[in-house]
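*Asks:* I'd like to ask some things about the structure below.
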């Protein structure tokens, strides 16, 4: 009994140990199952996400295909041109109560209870309704509109960008124009809403739609616009050197009649219609013409007490006016003067400048291969003193062959004032040099020290030395020897062929030499040596330039008139380190000057 009681605790402990092992094994099994369930749940979640994405993509694709099928079944939209707008108007409403745009485009005398528009569609003119989503105020005549299958306007589009090019011949009221098209066919077109807000002039090129009868767009005519420069030049008389007497003569002829018209009327005087500036090339004819326009604007502003008065300078590129088609050059001349009259209609001064006038208006009957001058010259004459007056318009012509211009243009009453722009003498050359060589330029320190560090004294001395070298008559400056028909001969020097353009080129050369010295030696500033070297190089460069094939023509262009020249000997001076000077003989040849 005692032994059995002693073994009982041992059996209980063994039994409990077995139960713990069983529970531990069951726990491990359940934990493994839980892990498997978590993995299965994660895989299911991932598959569910993929399934959701796939379903959404399929739904979007189904909607896209459905929309495409619906569009494929829609009726096509049509395009039409808007001809007229008919706003809503009651029977008792007067036309005057409508806006200006509605009065111009609405059907007068009819009661319009619903908003509608007239369109040009497939060769027919139709009146159609508008969608409630279309604002009638946003539409304008000539505009393209979009029509649905029931021919209702559902949208307003832009203006057609293509069409037939026509030229405006005459304006009819404010909304129509008489135009010429192909083969000079004339027709009346309406101006579209886009053109109604622009200023249309005679001669303008328009793009027109022949189906609707509307002019849609203004097209720049580059072949005409490029010939005319309407900018007001910023060149004044102070920018021109060596032409004091000529400038005074021009100011008396141009500015006095424009600034004091009452005095001229009181004395029975008329303002000159034109000025001819003639002389050798490069002496300032174009500069003077630009200064005239600038001065007229400044004087008019002073007279009227204004800060600024507009003036216009129409610079006509003479040779580019010529056209191979008969009548085109005359048309361009008419357009130029129509533009000038338009600009001058408000009292502004307009200068019409014909450069190289001899290329356009040659003496009639002198043409070798053509006779275009027989119609171009009369066209200019009719514009200058024709039926239409040229008030506030001044014609200025420039030429270095005034002998080739038709005498009818040069007579009094047309080009009244004739101003000869001569080659500059030594005093005029110094004045021109002073316009380009100023105290603002960097001057070399050695030259400044030689004149007491005075920039003005240095510049004056530099100009004086340069002019003396340019106008010396020693052997180094001999240029040409001419022989006249009477047997006399004359030596011409470099100074006899000097011009303002040559002087400017000399200064530019000197500046370039100063820059090269600064880059190579580090010495900064312009020196007298640079100016003298520039004069010598300019002279040497022009030794082979004079074309003396025809001595008479060469003499006219070079401003050597008088006794007929029969023989020219070109003198070539040797450069430093090269062979000494020599002469080239030129025999008489009747060829043209080219």
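Cβ atoms here come from the backbone N, Cα and C positions, even for glycine.
I grabbed these lines from Swiss-Prot:
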COMPBIAS  1-12  compositional bias 'Polar residues'
REGION    1-20  region 'Disordered'
COILED    18-71  coiled coil
BINDING   282, 283, 284, 285, 286, 287  ATP binding site
*Asks:* Given the ATP site residues 282, 283, 284, 285, 286, 287, which other residues of that chain have a Cβ within 8 Å of the mean position of their Cβ atoms, reported in sequence order?
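*Replies:* What remains near the Cβ centre is 277, 279, 281, 288, 398, 421, 499, 500, 501.
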*Asks:* Using DSSP with the three-state reduction, classify residue 284 (ATP binding site) as helix, strand or coil.
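*Replies:* Going by the DSSP assignment, residue 284 (ATP binding site) belongs to neither helix nor strand, so it counts as coil.
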*Asks:* Between the binding-site residues 283, 287, whose Cβ has more other Cβ atoms within 10 Å than any of the rest?
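*Replies:* Ranked by Cβ atoms within 10 Å, first place goes to 283.
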*Asks:* Tell me, if you would, which residue among 282, 284 (binding-site residues) has the fewest other CB atoms within 10 Å in the structure shown?
*Replies:* 282
*Asks:* Under 8 Å Cβ to Cβ from residue 286 (ATP binding site), same chain, six or more residues apart: give me those in sequence order, or none if nothing qualifies.
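*Replies:* The list for residue 286 (ATP binding site) reads 353, 355, 398, given in order along the sequence.
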*Asks:* On the 0 to 100 pLDDT scale, where does the coiled coil (18-71) sit on average?
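*Replies:* 85, rounded to a whole number.
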